[in-house]
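Peer 1: Once you've had a glance at the structure underneath, I'll fire off some questions.
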Amino acid sequence: MSKKPTTKKEVQTTGHSWDGIEELNTPLPRWWLWTFYATIVWGVAYSIAMPAWPIFASGATPGILGSSTRADVEKDIAKFAEMNKAVEDKLVATDLTAIAADPELVTYTRNAGAAVFRTWCAQCHGAGAGGNTGFPSLLDGDWLHGGSIETIYTNIKHGIRDPLDPDTLPVANMPAHLTDELLEPAQIDDVVQYVLKISGQPADEARATAGQQVFADNCVSCHGEDAKGMVEMGAPNLTDGIWLYGGDANTITTTIQLGRGGVMPSWSWAADGAKPRLSEAQIRAVASYVHSLGGGQ
């Protein structure tokens with residue numbers, strides 16, 4: 001009886017064999033192979049039609065279709081700027097103290113000011129404006145330099161101790177009493193106890209009494225005789241329990257020893273020919289927004 005012929009195509013092997021097990025050389029399905037070729041063609045076509053290959057001088061090849069997401073974004077920004085132009089012109093022309101009486105400006109500054117704050121201010125002052133160590137809360141009404149809308153506007157526009165803006169608020173730094181040899185270490189320890197006492201914290205009574213005299217001789221010119229601070233000097237109230245850098249003994253000691261001198265950047269200053277970080281309308285919007293948070297005076 002003859003063997004029945006078969007038309008089944010034998011699958012080739014790679015020639016490798018191990019313990020009777022051979023490695024097959026099965027070709028890829030045709031549909032998969034043609035899909036692979038199609039992706040190559042698509043990739044080449046896309047790189048010709050659209051921006052694709054990096055170029056040091058101009059960023060990337062432009063593509064023959066001239067598509068640019070950056071240009072699209074710029075068009076959208078220009079469109080919305082044109083939409084808001086009328087209300088922004090009105091905002092710039094309105095006295096700062098009159099903004100709160102204009103419903104249209106109130107609505108605009110609450111929304112636009114919040115957007116500016118989230119973009120430029122939240123990194124330091126927090127998303128909810130509650131502040132961080134070294135960056136004041138804008139909610140509590142405790143203002144080192146004043147909380148009127150005019151003052152808030154000026155501080156945003158020109159900054160505080162910003163060395164680049166000649167119109168910045170030139171308030172004095174907290175001196176480094178140990179580094180500059182203004183006080184002896186024992187005197188610093190005494191005045192720390194006095195500050196703890198007047199801020200309602202546990203303190204060494206004997207050292208606090210000695211520290212009161214040190215305070216009177218060295219600190220009242222900025223913090224005032226009642227230790228409640230002076231806006232003109234940018235000196236904080238030491239009796240209310242609100243602390244910019246911390247109110248524990250170690251932090252107060254560090255502050256007195258090494259001093260403090262935080263910088264609020266100027267948001268209107270720009271180098272020659274450069275564009276300011278914030279426009280006049282944006283500064284007014286965020287100033288009005290901050291003033292409305294509950295801490296404004």
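A Cβ is built for glycine as well, from the same backbone N, Cα and C atoms used for every other residue.
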Peer 1: Looking at the heme c 2 binding annotation from Swiss-Prot, with C219, C222, H223 already listed, which candidate in M83, M174 is the matching residue?
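Peer 2: So, going by the record in Swiss-Prot, that would be M174.
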Peer 1: Would you give the longest CA-CA distance, in whole angstrom, between residues of C121, C124, H125, M264, the set recorded as binding heme c 1?
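Peer 2: Between the outermost Cα atoms of C121, C124, H125, M264, the distance is 11 Å.
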Peer 1: Taking only the Cα atoms, work out how far C124 (heme c 1 binding site) lies from C222 (heme c 2 binding site), in Å, as a whole number.
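Peer 2: Here the two Cα atoms are 26 Å apart.
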Peer 1: Might you list, by sequence position, any residue in that chain lying six or more from C121 (heme c 1 binding site) with a Cβ less than 8 Å away from its Cβ?
Peer 2: A129, V286
Peer 1: Rounded to a whole angstrom, what is the C-alpha distance between M174 (heme c 2 binding site) and M264 (heme c 1 binding site)?
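Peer 2: Here the two Cα atoms are 15 Å apart.
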Peer 1: Within 10 Å of each Cβ, count the other Cβ atoms, then let me know which of the binding-site residues C124, C219, C222, M264 comes out lowest.
Peer 2: C124
